[in-house]
Amino acid sequence: MAAHHLLLLALAVALLLPPSATADPDAVQDYCVPDAGARGRPLDPSLLPTYPCRNPSNLTASDFAFAGVRAAGNFSADTGFAGVSVTPAQFPALHTLGVSFARADLSAAGGVNTPHYHPRATETALVLAGRVYAGFVDSGGRLFAKVLEKGEVMVFPKAMVHFQMNVGDEPATVYGTFNSENPGIVRIPATVFGSGIKDGVLEKAFGLDPAELRRLEKRFGPPKTKLSEMED
C-alpha cells in the first residue's frame, strides 16, 4: 500500500511540474545528426525537430568533431568580451544530445562578460587561462562570487544571473558547457535598456533622470522595431 501511495505521489508531482522544470527530452536513439540537405537549404535551428536524421552508415568521426572554438570570437570594444556559442545550429551533431557549449574570452585589464542568464540551462565554466572574478546571484539576492584561477570550475545554476570579469594582467579564456542544446541567453543591460521598455518604467525602477536614460539607451539600443502593446 505504501509503495502504491508513493507511485501516485510521484505521478502527481510529474504532472504538476511545468515543462520548464524538466531538462531537454531524452534521446530515443544513439544520436541524430540532422539531414539539412533533405530540405535543400542551410540548417534552420527553429526547424530542428522536423529534420530527418542522417543515415548512420554515412557518418564519419568528422561529423562528431568541431574546430570552431580554437580561436576567440570578435571582441567588443565596450566590454572587452568575445564569445563563441556552439549549439546544433553550428555543430549539428549536438542535436538531441541535450548539451551545448561556448568559449568566452576576456581582454586583459577588466574585460567583462556582462550580467546575463540562461533560461533553459545550468552552466559550468572552466577557466582555461587567466584569473577571472566570477559569480551569480540567487533568487534571494545573495551573491556567490570568487576569483577563479586557471583550471578551476564554477557552476551557475539554471536561470541565475551571473557574470565574469578578467582580474589578471593577461587575456583570460573560459569554456562553458550547458545541459541544454538551446540554453538561450538574456543579457541584462541590453534587455533592460535596449528592448524599448517605456521610459517611465525605467526611470522609476532605477532612479534615472531622462539624460541618464538617453545615454544608456544610446549605448544598448533601442532596437529598430519594438513589439509592444503600448506604442507611443
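Cβ from N, Cα, C; glycine included.
TrEMBL labels come from automatic prediction, so no person has curated them.
The Cβ of Glu123 (oxalate binding site) has 23 other Cβ atoms within 10 Å, all protein chains considered. According to TrEMBL, the feature oxalate binding site maps to Asn113, His118, Glu123.
Annotation source TrEMBL lists Mn(2+) binding site at His116, His118, Glu123, His162.
According to TrEMBL, the disulfide bond annotation covers Cys32-Cys53.
The domain 'Cupin type-1' annotation in TrEMBL covers 67-214.
Marked as signal peptide by TrEMBL: 1-23.
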Inter-residue Cα distance where the pair is His118 (oxalate binding site) and His162 (Mn(2+) binding site), in Å: 9
Three-state composition of the domain 'Cupin type-1' (67-214), taking helix and strand from DSSP: 22 helix, 57 strand, 69 coil
Among His116, His118, His162, which are binding-site residues, the residue with the most C-beta atoms within 10 angstroms of its C-beta: His118
Fewest Cβ neighbours within 10 Å, where candidates are the disulfide-bonded residues Cys32, Cys53: Cys53
Neighbour tally for Asn113 (oxalate binding site), based on other Cβ positions within 10 Å of its Cβ: 27
